[in-house]
Each structure stands twice: as C-alpha cells, then as structure tokens.
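Student: Questions regarding the structure given below will be posed in turn.
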Amino acid sequence: MIKQRTLKNIIRATGVGLHSGEKVYLTLKPAPVDTGIVFCRADLDPVVQIPARAENVGETTMSTTLVNGDVKVDTVEHLLSAMAGLGIDNAYVELSASEVPIMDGSAGPFVFLIQSAGLEEQDAAKKFIRILREVTVEDGDKRATFVPFDGFKVSFEIDFDHPVFRDRTQSASVDFSSTSFVKEVSRARTFGFMSDIEYLRKHNLALGGSVENAIVVDSDGVLNEDGLRYEDEFVKHKILDAIGDLYLLGNSLIGEFKGFKSGHALNNQLLRKLIEQKDAWEVVTFEDASTAPISYMRPVAAV
C-alpha cells in the first residue's frame, strides 16, 4: 500500500520574508493522518491555523497567500512544492510572522530541512486526485490546463520578450516518473527584473529580495555572480511554483498540468474550477504500490 507520510522529527529554520523583509522563524512538525499541510501563525494569541487548500487562497500578486479571516500567510508555494516533491501528506508549519521565509529563492532548502527531519510512513492509504478529463482556464493569452496522464507531469512555457530569456529555453516538460524533483526542479530560484524592483518596493513588495534569494535580471543579463543553476532555470522555477500551487488541492495529482504564461492567480482558478467539476476527477488509493503510476523516494532515517 502507498501510505501517507509525515515528518519523523520537528525541525526549525530562520530566514527573511521576500516581500516583508521581516525575520521569520519556521518550525515544521509531524501531523496525524488526514491532517494535510496546515500553516500556523504561532505569533498570534490564540494561534491561527490555515489549511493549505485552494479555497483558502486570497491574494495572488507575486506569490500565493493563504487567508483565514484577516490573518494571512504569504509565499507558501516554494515550501508546498518541496512537500509535494517529497510526498509529505501531513505536517504543521509554524511561523513567527505572516510570510514563509524565502531562503535562497528555491525549494532546495526546504527539501534539505524535510529530509533532515526524516520521513515517516503512517498507517493509512495515501489519497491521490486522478484527472479524468481536460479542464482549462484562460486569461487573455495566458492558459492553464489539466489533462489525464498516467503519472504526474508538468509542462510549462514562458514568453518574455527580453534578451536574457530569448537566449535560453523558455519551455520545459517534466515527467516525474523519470525525473527527480529534487535534482531537476527543486533548486530553481525565483527571478525578477531590476526595472521592477523600484515599483515593487514602493508597494511594499520584494523588501527582502536580493541576489542571495533571487535571480536578478537587468537589460544586459543576469546580475548574480554565480549565474544560473540550470540552463532552463527560469521556466523550471515556474514549474516549481506550479507544483506548489497545485498541492493546494490537498492531495498528490495523477495527471498533467500544462501552463502557458500562467501564474499564481490562474493556477488557483484552475484548481477551483477542477474542484467544482466533480466528473473531472476522482480520489484513488493504491493497495499495491507496484500498480501505482507514481512512486516516491523511500523514507530515510533522519540524519
């Protein structure tokens, strides 16, 4: 049986919020079967919990924000991408502020944290959402689509009219039955343009942004001294973001996501449309792991 997973141990980290610039303390904790991923604002009294679900998404400008009343948690997508990539079903994410720390701008540090905590299988079947028919949302020339696929695949195309992007791959398709999330996607960093930074800061966004936690692009090229981690790092980061946004379904997916210039807002619209159209998906479990179209790294002992 493919079983649900949580963390073996509690693990902590410190970082800054990309948009707030605030110092943030992050604690990842094990959670019982069928809890899902739950964000907890531990700085509030009483503590406010926000389940990582599509219906709890509020703001989608520059990042994905979860809300519960007037309480919010910003920039959840990179951590959720790491949770999805490692098959973590249940965990509590405690935060000392309103934003998940940006770390290095990728999901890599979160993967390291989760692997350091160790993974633990739980005594319940893992539930997957299987896509049964095509579902699409569009906004102008932007598009996001689910199609049936026997596995999990993410295809994405970006279209930036900028010399740095024109010289590099702007489309990628990753089939996770044959490609490692950890090796091929998790280290792709978020990116931004120098020309936008003044505007963003004026609107209290990207206050914590720097070449330490983002790829910064100007008219001549990439400003980061160490360059890119992957030749197609820009589009790979969009795939990383999409995986995090899709995990707001609350379960791992069996199907393919196709994005063309899609962002957090359109990704969330697609999830909401899918949830409404109950004939477009089903929940499945696998008593025999060998029959499943998806496999995960074996749980390893905490280091």
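Please read every residue number as a count from 1 along the shown chain.
Yeah, the Cβs are placed from backbone N, Cα and C, and that goes for glycine too.
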Student: For the Zn(2+) site that Swiss-Prot describes with His237, Asp241, which of these is also annotated: His78, His162?
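Tutor: Candidate listed by Swiss-Prot for the same site: His78.
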Student: List the same-chain residues at least 6 positions away in sequence whose Cβ sits under 8 Å from the Cβ of His264 (active site, proton donor), in sequence order, or say none.
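Tutor: Set apart from His264 (active site, proton donor) by at least 6 residues yet with Cβ under 8 Å, we have Thr60, Met62, Ser63, Thr64, Glu77, Asp241, Asp245.
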Student: Write out, in the order they occur in the sequence, the residues of the chain not among His78, His237, Asp241 that have a C-beta within 8 Å of the mean position of the C-beta atoms of the recorded Zn(2+) site.
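Tutor: Near the Zn(2+) site, the remaining chain residues are Glu77, Ser81, Gly105, Ser106, Ala107, Ala188, Arg189, Thr190, Lys238, Ile239, Leu240, Gly244.
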Student: Just name the most isolated of the binding-site residues His78, His237, going by other Cβ atoms within 10 Å of its Cβ.
Tutor: His237
